[in-house]
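Here's the structure, in structure tokens; my notes come after.
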Amino acid sequence: MLKIGDRTFRSRLLLGTGTFPSVDVQREAVKASETEILTFAVAKMNMDDDDDDLVAELNSDSFSMLPNTAGAKTAEEAVRIAKLARASGLSDMVKVEVIGDDQTLLPDAVETYRATEMLLEEGFITLPYIADDPVLASKLEELGAHAVMPGAAPIGTGRGILNPLHLSYIVAQSQVPVIVDAGIGAPSHASLAMEMGADAVLLNRAISQADDPVKMAEAMKLAIQAGRLSYEAGRIPVKRFAKASSPQEGVPFYG
Amino acid sequence: MNITVNEETLQVPSDLETIEDFRTHFNLVEKKAMIEHNKVALRPDEYTQTALAEGDQIVVVRFVGGG
């Protein structure tokens, strides 16, 4: 079971809700993924339009909501967004996302740390999105963060785990859940994260922008389950030379 | 009465006395909208107790798709 704060989850796949081709496809993909945690962004309402209510469309009563602070450039902005999200009464969890660079969308470590500190004081269940920095991950855990969410690669690049060594350091040192967030493109990437001992994977575009998001949702679900089973089963060590699986003695000779 | 809503100055009827009246006026009651009043996010149970006054800054947000 995945345990975040005082919540437990069977699914180790956290799914973003952006950039799906339609709400109908999205609903089917959410179902196929068997996710229990959906992320949302907070945006200003257009007072004139009758916008669709995505939360209602996805029947989010059945899911835990993980609002993010996307759009924040400072800790103060992140806190403001998080408080608005919590005012919905739907969730007190928050993905702390403070972007520090518009091109790479890499997170601002200093502002993310400050925001996490402020949000913890406000009583939020706090999940900071960070680069794959073991030192920052350790400092956030010391601060009291309820999980750490290192990126595999920059958001939306689909490049997979660029620095498996750093991720392995983070996994080895962390007592809180490690959720690999951002940069996943293929089920093999998600599976590798889980094989390495990550506790969960958060992804969005890898499913929402696939040719068939519903099928990809199922593929990701299975990959994450397979990776987790592998981690629990304990894989064999890598060896330099061959080791036979068949007996080398008593081999019958024919002809 | 002039108030600022999502950074736009709007004239609203002066009989809007509370945030709850503001929600009714802008048809927000049925929508899942979150409201910030002078930079303070309001819980739903605070709507009826929060007075609306000239020059107030209101931010209205909602959840949208995001990762």
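Cβ from N, Cα, C; glycine included.
Nobody curates TrEMBL annotations by hand; they come from automatic prediction.
Per TrEMBL, active site, schiff-base intermediate with DXP is recorded for A:K95. All protein chains considered, the CB of A:K95 (active site, schiff-base intermediate with DXP) has 29 other CB atoms within 10 Å.
DSSP assigns A:G183 (1-deoxy-D-xylulose 5-phosphate binding site) to coil in the three-state reduction, placing it in neither a helix nor a strand. The 1-deoxy-D-xylulose 5-phosphate binding site feature in TrEMBL is assigned to A:G156, A:A182, A:G183.
Annotated domain 'Thiazole synthase ThiG' per TrEMBL: A:3-247, in sequence order.
Of all Cα pairs drawn from A:G156, A:A182, A:G183, which the record names as binding 1-deoxy-D-xylulose 5-phosphate, the longest spans 7 Å. A:A182 (1-deoxy-D-xylulose 5-phosphate binding site) is 12 Å away from A:K95 (active site, schiff-base intermediate with DXP) when you measure Cα to Cα. One residue stands out among the binding-site residues A:G156, A:G183 for having the most other Cβ atoms within 10 Å of its Cβ: A:G183. Annotated 1-deoxy-D-xylulose 5-phosphate site A:G156, A:A182, A:G183; additional same-chain residues within 8 Å of its Cβ mean position, judged by their own Cβ, are A:L105, A:G151, A:A152, A:A153, A:P154, A:I155, A:T157, A:G158, A:R159, A:D181, A:I184, A:R205.
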